[in-house]
Amino acid sequence: MRKVLGRCALRWVSRLGTSSAALAPPPPPPPLHPRQYVSPSHLRSEKMDTSPETKIDPALREEKEMGEGGVHGEAKGDGGTAISTLKKLWAATTYEPLLLLHSIVHFGTVTLTESLIAEKSCLVTLGKPEEICKELYDHPNDEIEVQQVASKYQGSATLAENMVAMFLLLYIGPFSDRYGRKPFLYLSLVMKTLNIFILFLASVFIYSPTELTVVAPFLYSLGGAMGSFQMLVFACISDVTTDANRTYRLGILKIFMAFGSPTGRVVGGQMYALGGYVAVYGLALGILGICLLLLVFTAESVKFGDNEHRPKFRVSWLIKVPAELLAAVHRNEGPRRGIVYSILFSHICIFFAMNPLYFLFFKLMFDWDATDYSNWFFYRDMTKAIALVLLMPVFVGRLRLPDSALGLLGCSSVAFMQIALGQIVSPSMAWVALLGPLLGMLELFAHLASRSIMSKCSDGSRELGKLFAAQAVLDSIATGLAGPLYAAVYSSSVDSLPMAQFLLAALFMFLAVLGIGVCDIFLQKKEAEPKHEDLQEKA
C-alpha cells in the first residue's frame, strides 16, 4: 500500500512540475558576445539597402558599429585585450592613416620643391655664381631675374602635374565603381613614388637640368595626381557610411589630412635644415613605401556579389564613361541640377584661389629660405587643423549648421586672408604674414561642405564615383590653369606690385561665396519639396 501511494505521489509531483514549467515565463536569452554585437543602424541600413549593384565589404561594416560601442564592448567584455581593441580601432579608421601619411609626404615636399626650382633656376638656368644665388637678397636685380624665371618653371610644373590628370580623372572615378578603389590607389601611390624619386635625383645632382622639376610632376599626373588620391579616399569613406554620419566622418578624414599637412611642412623644413633636399626626398620615399604596405592590408570598400561579374574593358568606354559622368552631373531631379552646378562652380573657384606663389613672394619680401617657408606653412596648417577640431563639433554637432553655411564661412575666411596678405608692401610687415592664417583658419570647412553637399546628390555608390570624379576633374583643371595664371601675373608685376596675385586669389574666393549662395537657394527648395507634398496630401 505504501509503495502504491509513493508512486502516485511521484507522478503527481512530476505532473505539477511540468505544468508549472509551462506556465513560467521563458528564461531570458543569453547575452550576445561582444563580437556578435550588431547595431540598430546596421540593421536598418541592411533592410533599406535594396541596390543590387554594389555591396559593402562586411569587414568595413564594423566602421558603422564603432560609433555605438564596438570598441568599448570589446575592451570590457569577455576579457578583451589591448590587441583586440587596437584591431577594432584600426577597422574604424580604415583609410585615414593612409591619407595622413600621404599628406605628410605631399605637403612636406611641395614647399621644398618650390625652393629647389628657385635654386636650380639661379644656378643652372641663369648660370649665376653660387655666391650670388645664396645671397640673392643682397642683389635685388639678380633676385628679380631669378624670380621671373622660377615663377615660369613653377607654373609649368603645376600645369604638368595636372595636364594628364584632368583627363584620367574622368575615368578613374567611374572605373573605380566597376573594379574597386584599391587598384587606382596603387596607381596613384606608385606614380607619386616615381615623382619623388626624380626630384631626389635632381637634388643629388644639383646641376642637372631644371626641366627635371617639370618631368617629375608629369609622372605624378599619369596616376591622377593628388586629386585622384583624395577622390578615391573620399569615395571609400562614403562607401561605408550613411547620409546621417557622412558629414561627420568626412570631417574626421579632413582632420587627418589637416594634421598631415602641418606635420609634413615642419618635418620637411627640419629635414632640410639637417640634411638638405636629399634628406627630405629620401624620407618621403620611405614613407611612401609604408603607404604601399598599408594599402596591401586595407580592405576593399566596394565588393561585388558572387553572381556579379566585373565587366571587361572596352574601347567604347573611353567615350561612354565621360558621357555617363556628364549624365550623372546633369541628371535633373527637382533642384538637384542647380545644386550640383552651383557647387561645382564654387569648387573650381576655391581651387583657383589656392595657388598664389607664396614662396617666391616671401623670399622677395622677407628673405625667407625653405625652412622659414615651411615653418610658416606649418603655422598656417596647424591653425586650420585646430580650428577644424575645435569648431566642427560646435558647428556640426551643437549648432547643426547646414553644409552651405559651413561653405560660406570657409570661403569668406580665405578671402579675408588673401586680402590681408595683399597689403604687405615692405619687409617690416612680417606681422601681417602671421595675421593672415588666423583670418583664413576656416578654410577646411569650405572643402568639407563642398564634398558633403556633392555626396548627398548621389543616388548610390555607382553614381557617387562619377560625382566625385567631376569634382576631381575640376580640381585638376583649376590647379593646372591657376599655375600659369599666377606665374604670368607675378612675373609681370614682381618688380612693381608683387602682392597683386593675392588680390586675384581673393576675387576667386568671393566668386566661390557667390556660388555657394546660389547653391543654398536650391538646397532650400529641395528641403521645401517634402513639406509641399505633405500639404497637398492633407488637402
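Using N, Cα and C of the backbone, Cβ positions are placed for all residues, glycine too.
Automated prediction, rather than curation, is the source of TrEMBL annotations.
Annotated region 'Disordered' per TrEMBL: 19-78, in sequence order. Annotation comment: TrEMBL describes 24-33 as compositional bias 'Pro residues'. For 43-77, the entry in TrEMBL reads compositional bias 'Basic and acidic residues'. Marked as transmembrane segment by TrEMBL: 184-206, 218-238, 250-268, 274-297, 339-362, 382-399, 406-424, 430-446, 467-490, 502-523.
In terms of C-beta pairs under 8 Å, the stretch of 218-238, 274-297, 406-424, 467-490 lying closest in packing to the transmembrane segment (250-268) is 218-238. When Cβ-Cβ distances below 8 Å are used as the criterion, the transmembrane segment (218-238) is approached by residues 94-95, 98-99, 102, 106, 160-165, 168-169, 172-173, 176, 181, 184-185, 187-192, 194-195, 198, 246, 249-250, 253, 257, 301, 451, 455, 458, 461, 464-465, 468-469, 471-473, 475-476, 479 of the same chain, each at least six residues removed from its ends. Ranked by Cβ pairs under 8 Å to the transmembrane segment (382-399), the stretches 339-362, 406-424, 502-523 are led by 406-424. Taking Cβ pairs closer than 8 Å, the transmembrane segment (430-446) reaches residues 254, 258, 350, 362, 366, 376, 379-380, 383-388, 391-392, 395, 406-407, 409-414, 416-418, 420-421, 423-424, 512 in its own chain, all 6 or more past its ends.
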